[in-house]
Ligand code: SIN
């Protein structure tokens, strides 16, 4: 092992088992596994403990060693990009990760990338990469709900399945995917829907793209919206230069204090997690209309967790200066709004086209 460029690199961790000859191993797809931390790399004091553990403490070599049969699926090149609890995901790490993924995929010696990540912000990172990776090669995120030290830890099988999907060839051109609990989800659609269950991810309303089991990868449908090579978006090189976009929620008795504070702080955008079809309490709606009138981009999403927010539906977007988020959750709407603002889209109509397209 050697440390290169701040990341732990297990140089050409091509694993040929005794049952596999060298020629067979070298014919396998070459998959880069980038570890970032999370529960999949978590450790607890005892095996029955699945809640009181520390995330992101086990290294990528140990994660890979816990997956029997991986060497029959792919040649693995492994890197430790970070070791974080994903609740602490940062702009700097997003930029590092996206740039590393793009660099690896530009290398003819790499056929695909798997990223191990915490479940808590996995859907945000997945959508960010879906919009900013510039390659048709597979990029698969995976994670775990139980720490690596737990009885029935789910990480090893999730990791094996993620590498299987990346190596299969079937994932090429499908954008960034999440392989979790035997299902494959589009990064745009997927959401964490349970705080504790092993089946913690769904694509609400729309459903998974397919499934992976016992080495078989079966896609049932494809994502239709443009992604990866077909977007104009890129991560912001300088972490300090990401446009500031925050999220507020509408609820009974909500005040305008948070919106007014955000506007005073100079935010570029606000996503509102509205009730129902993105409806907004009158007090908050007035505060957001005032923000929009001052040039802040206001995007209307829903706190419901599934369904879509119709333009000029529950709020008169055109009159109020709002953009509607469609099927994007507030968290993904924030990701898209930041990328769109960074790409120079500041006018409401241009932003609405972005949300109608991606
Ligand atoms: C994290 O998101 O890093 C911790 C929680 C998890 O991975 O399940």
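Cβ atoms here come from the backbone N, Cα and C positions, even for glycine.
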Say TrEMBL lists 119, 120 as binding substrate: which of 83, 86, 149, 152 is in the same site, per that record? 86
Cβ within 8 Å of the mean position of the Cβ atoms of 86, 119, 120: remaining residues of the chain near substrate: 38, 39, 55, 85, 87, 117, 118, 121, 122, 143, 192
Most Cβ neighbours within 10 Å: which of the recorded positions 39, 86, 119 is it? 39
DSSP secondary structure for residue 119 (substrate binding site), reduced to helix/strand/coil, please. coil
Quick note, residue 39 (active site) and residue 119 (substrate binding site): C-alpha atoms separated, nearest Å, by 7
Max CA-CA distance, Å, over listed substrate-binding residues 86, 119, 120: 7
